[in-house]
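So the structure is just underneath, and the comments pick up after that.
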Amino acid sequence: MKDWLDEIKWNSDGLVPAIAQDHKTGRVLMMAWMNRESLALTAAEQRAIYWSRSRGKLWRKGEESGHVQKLHELRLDCDADVIILMVEQLGHIACHTGRESCFYRVYEDGQWKIVDPVLKDPDAIYSAGH
């Protein structure tokens, strides 16, 4: 039997883009990267675990903020090169800016307009004890 992780077309860095969506509304919350280990751990632990390219290590979503993403479903696209995670976003904040989604800007009249409010000050999110 073929390993399910072998079916994924990893990029030259051994990564695959992963899009987190709210499992109830379908809203796109964020995009991050996963490597083989982070995807396997995500499936095993039923929570989103990404690969931080800037830190060069596993990133358990919510480990600092408390805003864990509980996994409901994993999906692989037709080309096998993008993952979608259907998640329950604990705390309703996915973005490090304190917003529900990282996609809070809309292109309008030649510029990016902020359309989603900050739900919690990022300084308060990432301080001790969240």
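Placed from the backbone N, Cα and C atoms, the Cβ positions cover glycine too.
Computed from a predicted structure; not experimentally measured.
The DSSP secondary structure for Asp81 (Mg(2+) binding site) is coil. For Asp81 (Mg(2+) binding site), other Cβ atoms within 10 Å of its Cβ number 13. Residues annotated as Mg(2+) binding site in Swiss-Prot, with sequence analysis given as evidence: Asp77, Asp79, Asp81.
If you look up Swiss-Prot, you'll see Cys78, Cys95, Cys102 marked as Zn(2+) binding site. Around Cys78 (Zn(2+) binding site), taking its Cβ as the centre, 6 other Cβ atoms fall within 10 Å, counting all chains.
When the alpha carbons of Cys95 (Zn(2+) binding site) and Asp81 (Mg(2+) binding site) are compared, the span between them is 23 angstrom.
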